[in-house]
Structure formats: structure tokens, C-alpha cells
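Chemist: Sharing a structure here in C-alpha cells format.
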């Protein structure tokens, strides 16, 4: 776009597009063919329905392909005439740019209400705007061989797709398309030279910049503004054909059918994705999302396998765990009397009632926890570094090396233009453009910030409400399960702590979904009120709002359980109280890790199941209802454009929500993975289904989105890096403060006196003694008891010590070990991260070599073409010069002869 010739060409087309509405149908520079006037609504030109296939993607002449479709309905209100005038002016200006239009009367539509405007971009228009947009087109088949498969590729043969599906087209050397170099490009058939994705991208570029009149002294431009004002009800490119059957001649190859057969099927969950076909059909922006999701899923395989091994280790070592054995032993755990877990209604209890809970806790809280936390810190670095390599390879394969930002993304939003009262000179284009001073937008920025903070506070309030619920019902659960004789056998595996944790987690998940539903709508409204200047600014603004909120919404409860619960509870006789009413929550004698695991499992699994059901059912039901309403007159032709019109619209933020869902899952997999090694496995299983569900809904339930280019995942990559760094700290703190591994290691190395069973006596060592007589009278049950002391989880001096109930030396040893572990683990993991980042280049050497080779060959081909063309021009000029000299000599001879 920086080429002066291109800018001049673009300005010329802008001038054409903005001419007064005095278009003469008899006067066009390119001439009018027989089919070009078919846009006139004339009863004599009505086509015969039985002669046109339902799957036709052509104009009535069967030659010109439909590249885009607009639809509208008559508006009988006062604004109807204004909208009709806008449409007339807009369509007139579209024809001036060279586009060809054909209008279907509402009498031919299935519902009898909707008009359809079919748009075709002829060859001249495609050539002009391909040059304006800097599209790269093939000039020669590449002599660089594709990357050869590894020696073990035969093992991966079952997951491979057929070659013609994986690589539907050969690789080419490409160059930016220019009209005066047409002979250079591999143009076999002009009608098929530009793929359908490029055609609809060109048409949308014209639609988004074409004016439709002057209103309030300002030139109004763009299809987006017309859609916002309901002048048109929809604008979309057509799908290639039906997704359940291949196309029939003369229609081109139905890539939609190929995608549905080889990509959008659950039975193909183990197959690789046809990435080139996705890119060719939907454009690079959607294609790169599926590349990222597929790569992330592949990398999750390694993490899932290691996490499964850690879980199996915990399962196999569960019965050999000394701590669980002591807790379950009637002679040890059965004789340890624990202090009440709540005031008045909770009774004293024996430690062996948590036997099953201690065994389950060992599944996730064992020696492998430390290993897995370190492994995931390294894994996340490998993932991000290898993704950068994959992205670089993709840029080369998809011709995005010299990528420039999409013009549509940098285009001014109609809402911004409408609200602007001032204009100023653009330093780059030297043209006057709408301008809004910062002081005018500052109140909206302030309101936006306050709203986001308010809703984050609302999330924290809801979390406190769940904590209050848990504190309130814990006593109820405890007294009910204690008094109900029929529940005695249930108490062995469903303790009051577990029952409270399960119900609290489910309630928290429901509140997360409710808050998320309302905030999504609020965030979209606030972002519009901020009046972002360009589409890119709008997208960045809403990404920031939604990610910050969802981060707090989904993770706050996990942060609470991991880092706050059970840390500030005090001790018997001097407990801390929330709002001076509810006693602070305590952890299970085995630690809070099992509760964190429960919380993480319910929220992560619930979100994934709910998300997949919503993504599959919602568009399916909407489309069914829309089709049911539309099919009112069954003898009419239900055409391709009507079929696509009845599909769900793929909005501009649809891809944003897909990325957001993946990034939130990435947070679950990395931030708290030390507490739940099966998280990568659950994410892997979800993503295998997610890829196929996304493919199915995009191929069958949504209109075809406009193709757009992108060379990376954008700001999401920075978010992933930030979460990767944060995950190192969170997992180190989980292992140190939430897990029981550090106190066990301290006991093993510092206090154990049994050489054969070094962990024997650990349970007794980790519990402090409290004299029941020191309880305040109003906090314990009034029944008589035959014991004088109870135990609680902490490291404090006993009641007969001079410093009774103060922290003892064990506490400070354990605390020092925890802090040392955090510092050591963070330094080790960060050192490995930096080493890996240094060792793994962002762009692989073979890709660099291929890029250099392609640039060299492209320059050589262009040079040879220009040289050949120059020689031909010189030869033609020399021949003309020789002819001219011969004519002059003949004239001289003739004059001499006459004299």
C-alpha cells in the first residue's frame, strides 16, 4: 500500500465511486453485455424456476459467479423511503466501480418478503483491487520440495489425510499482482484464477468503502453502516454449495463438502486438519485459529501423558502412604480426638473419619506433585517457543512473510465517524478525517474503567457469598450427618468438608455463568460507548475488558482456596471470624489441596461441557427455527442464497470468543495444574471434540464469513506469555503452601527418628494439642466428655508450655523450607525457560533458507520477465524504425524519379 502507483489507482477508484448519481446505463467504459442489465426487476425477464438448480451459485445467465449477496425487506415505516434511497444510491455506486448486480424480487423468495441483491466481480475489477490490496498470486510452480516426513511417519499414517485433501494445490512462487504484468502470472482461466475467498474479500473491500449519499453534510460510506441502520438485513458471501453433497457441473469444486467430509466429522477426531483447505476457503485469520488450536492440542498430549503417569503413581502408592495408614488406623487415627470444626453445633470428632479423604488427597498430593509442577513450567515454555516456530513456518507457507495489517481493520468505524464533530489533517494521507479530542472521550473511558472494576468487585462479592454459604451450611451438614443414623455409612466417604466443597463449587460455577452472561453484553455496550476509532482498536478494547473480567470470574475461587483458605483461621479458643459471625474456614487435616482439586475439576469440566453443548445446540436450534418460519410456500425455489441467508451469522467477535475460551482453558491447565495433574488430559479430550464441533458449526450452521488475513494470533500471544510467567509462581506457592509435601519433607529430613519407616509419627507431629477447658463457654457443645484435650492442624506449643499456643520451632522450620522451595523452584524453572528460549530460534533455519530461496527465485523470475519484455519492445521499436526509414527512402527515390 506504500507504492505511489497503487495509491493513485485507489484514489482513482475512490473518485469513480463518489461520482454524482447521474449514471447512464447506455454509457459505460467497458460496455454492457447482454446479461448485465438483468438486475432490472422486469416481469418479462423472470427466469423459469425449473431450469435453475437449487445449488446454483451463478447469475441467471449461468456464467457469472455470485461473489456476494445482500438482502433487505421493505420497510413500511417513515424511514422506508430513506432506506430505499440509500439502497438505490449505494447500488448505483457499486455499479460505477464495475461490480455487476442482479436483484431477486421478493416474490421469488421463499418467505415472500426478502429481496436479494446478487453481486458479481468481473475480471477487470478483480485485477484492479487485487493490485490495490497487494494480493500475492502464483507466478511459477515452486522447485522447493515440501518438508519430508520423519522416518517414523509410517506410524502416523492412520492420522494422515489424503494428499489431495491436505495439499489441494501445489506450492508456487508468488508475487504481488499487477495489471501490467499479467503475462507473468499463471492465468489458465481468468474465471478460476482468483479463489472464492479472494473474490469475496475484494468485494467486501469495495462494499466497505462505497458511499451511499450525503447526510447531515457528511459523506456516508460502507456496508457496515447500512447494516447497522437496517437498510440491508444481511451481507454475506455464498458457500460453495451444499455441505452434504459434491457440486455438479458447471459449478466449481465444492470445498465446503470436502471440509465437511474430511474435517467436520466427529469420527475423524484422530485425523489431522486440512489446514490449507481451511485457509483457502475461510481465509488466513480463521485458518490460523485452527492451526493454533490444533498445535495446542498436540502439545497437550505430552502434558496429559505425564500428568496421567503422576496420577497413576498416586493411585499405586495410595495404600502404602504412611500418613493415610496412620489416619485410618483405629489405634492411631481412631484415638486422636479433633477439635470441633464449627461453633456450638459441631462436635468433637475422631481423625479416622477422614480416612477415605486422606487417601483421595494422596492421589494429587504426593512426591510426583513437585516433579509435575516443574515439568509444566518447562512444558509451557516449550509450547510457546515451538508455537513461534510453527507460526513462522505458517507465515512462509501461507505467503504472509511481508504481511501488512488488513485495511478493513484500520478503517474508521461508522459509529466513530457519526459522532465526530471535528476534522483534522491526517499526517500520512494528507486528507481531512474525523477527529474526536481526548477530552470528549475521557468520560466514557472513566465510565468503562469504573464499570470493569465494579463488575470485578461483584465477582469478589459473589465469591464471599459462596464462602458465607459454605460456612453456614457446614454446620448444618455436620450436625445432620452426625445425628442421622442412616447416614453413618455415607460419612466414610462423604464428610461434611467434602459435601460443603462440592455444593459450594457447583454454586460458584452457576454464579460464574450468570455473571459471565450479563457482563458479555455490558462489555460490548461499554466498548461501543467508548467510540474506538478503528475496528482494530475496538477489538483490542473488548479483548482487554473480557479477559480481565473472565480471569477474575473463573480463577478467583481457585486463588482463594489455594492461597487464603485455612491460612488465617487462628486456633481453638481464638479463631478468626468473618463479619464477627462466621468462623473462618479450615482445611482438611490432609491440607486444602483436595478442595482445590475439587473446585478446579468442577469449574473446568463444567465450563467445557456447557461450552460445547451451547456451541452445538444454539446455532442448530436457531437455524431450524429460521428455516421453519421461512418455508411458507413450498413450490418456490429454495435457492442457494436463501439457504445461506437462513444460517446463523458469523459475527466479527465470534473468533474472539473462541480464542478467549482457549486461553481461559490454558489458564486452568497451567496456573493450578500442580493440584490436578489430570487437567491437561481433560483439556486434551475437550479440544479433540472442540475442533470438530467448531468445524461442524462453521461448515454447516454458519454463513460463510468474509475472508480476512492475519499472520499471528495477535494480542493473545502476549496474554499467553503473561500467564506462563504467572503459572510458575502460582504452582510454586501451591506446592509450598497448599500441598502437604513440604511439611512432610521437613519431618523426613529433620525430625524423623525411625530409620525403617521415616514418615511414621508425622500425623502426630503435624497436630497441636489444645486444652478443652480453654474454650470459651459459648463455642463448644455442652455434652459431657471423657477427654480433656483435642487436636488441631498447626505447629503450636501445648497448653503446659510457658508460651502455650504460640508457634513453635517446627512452624518456623516449615515456613523457612516453604520460602526456600519457592525461591529455588522459581529460579530453576525460569533458568530453564530462558535457556530454552535462547536455544530455540523463533524462525527455524530451514524456513529461513526457504524464504531466502523464494525471494531469490521471485526476483530472478521478475528480472527475466522484465528483460524479455524490454527486448521485445526494443525489437518492435527497431522494426518500426526500419520500416519508417524504408518509407522515407522510398519517398526520396520517388521524388528523384519525378524530377
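Every residue gets a Cβ built from N, Cα and C, even glycine.
Straight out of TrEMBL:
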DOMAIN    58-275  domain 'Anoctamin dimerisation'
DOMAIN    278-854  domain 'Anoctamin transmembrane'
TRANSMEM  288-316  transmembrane segment
TRANSMEM  369-387  transmembrane segment
TRANSMEM  445-478  transmembrane segment
TRANSMEM  498-519  transmembrane segment
TRANSMEM  542-563  transmembrane segment
TRANSMEM  663-685  transmembrane segment
TRANSMEM  719-739  transmembrane segment
Chemist: Considering only the recorded stretches 288-316, 369-387, 445-478, 542-563, 663-685, state which has the highest number of Cβ pairs under 8 Å to the transmembrane segment (498-519).
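Modeler: Looking at each of 288-316, 369-387, 445-478, 542-563, 663-685 in turn, the most contacts to the transmembrane segment (498-519) are made by 445-478.
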Chemist: Any contact between the transmembrane segment (288-316) and the transmembrane segment (663-685)? By contact I mean 3+ C-beta pairs closer than 8 Å, pairs at least 6 apart along the chain.
Modeler: yes
Chemist: Are there three or more C-beta pairs under 8 angstroms joining the transmembrane segment (445-478) and the transmembrane segment (663-685), sequence spacing 6 or more?
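Modeler: Not in contact, no.
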Chemist: Within the domain 'Anoctamin dimerisation' (58-275) only, compute the mean pLDDT.
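Modeler: Per the prediction, mean pLDDT sits at 86 for the domain 'Anoctamin dimerisation' (58-275).
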